[in-house]
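Engineer: Before anything else, here's the structure in question.
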Amino acid sequence: MGMRMMFTVFLLVVLATTVVSFMSGRAFRDRNAAAKVSDLIALKARRPECCSHPACNVDHPEICR
C-alpha cells in the first residue's frame, strides 16, 4: 500500500469516526430533551401533590405558579 493510499484511508477513518460521534451525541441530546418534557408533563399531572410539598416546590417552581 502506498503512502498516499494509507493517508486516504486514515482520512476516511477520521471522517467516519467524526460523523458517528456527532450523530450519537445529537441522538443523546434529543432523547434527553424528550425525557425532560415527559418528566414535566408527569409533574404537572401531580401538581397539587408537588406544590404542597416544600422540597418538590423548590425543585420545580415552574409548575407551582
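Positions of Cβ are set from backbone N, Cα and C atoms, glycine also.
So Swiss-Prot lists these for the protein:
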SIGNAL    1-21  signal peptide
MOD_RES   GLU49  4-carboxyglutamate
MOD_RES   PRO54  4-hydroxyproline
MOD_RES   PRO61  4-hydroxyproline
MOD_RES   GLU62  4-carboxyglutamate
Engineer: Rounded to an integer, what is the Cα-Cα distance in Å between PRO54 (4-hydroxyproline) and PRO61 (4-hydroxyproline)?
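Structural biologist: Roughly 10 Å, rounded to the nearest whole number.
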Engineer: Rounded to the nearest Å, what's the C-alpha distance separating GLU62 (4-carboxyglutamate) and GLU49 (4-carboxyglutamate)? Just drop the number here, would you?
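Structural biologist: The separation of the Cα atoms works out to 14 Å.
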Engineer: In angstrom units, rounded to an integer, how far apart are the Cα atoms of GLU49 (4-carboxyglutamate) and PRO61 (4-hydroxyproline)?
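Structural biologist: Counting only the Cα atoms, the answer is 13 Å.
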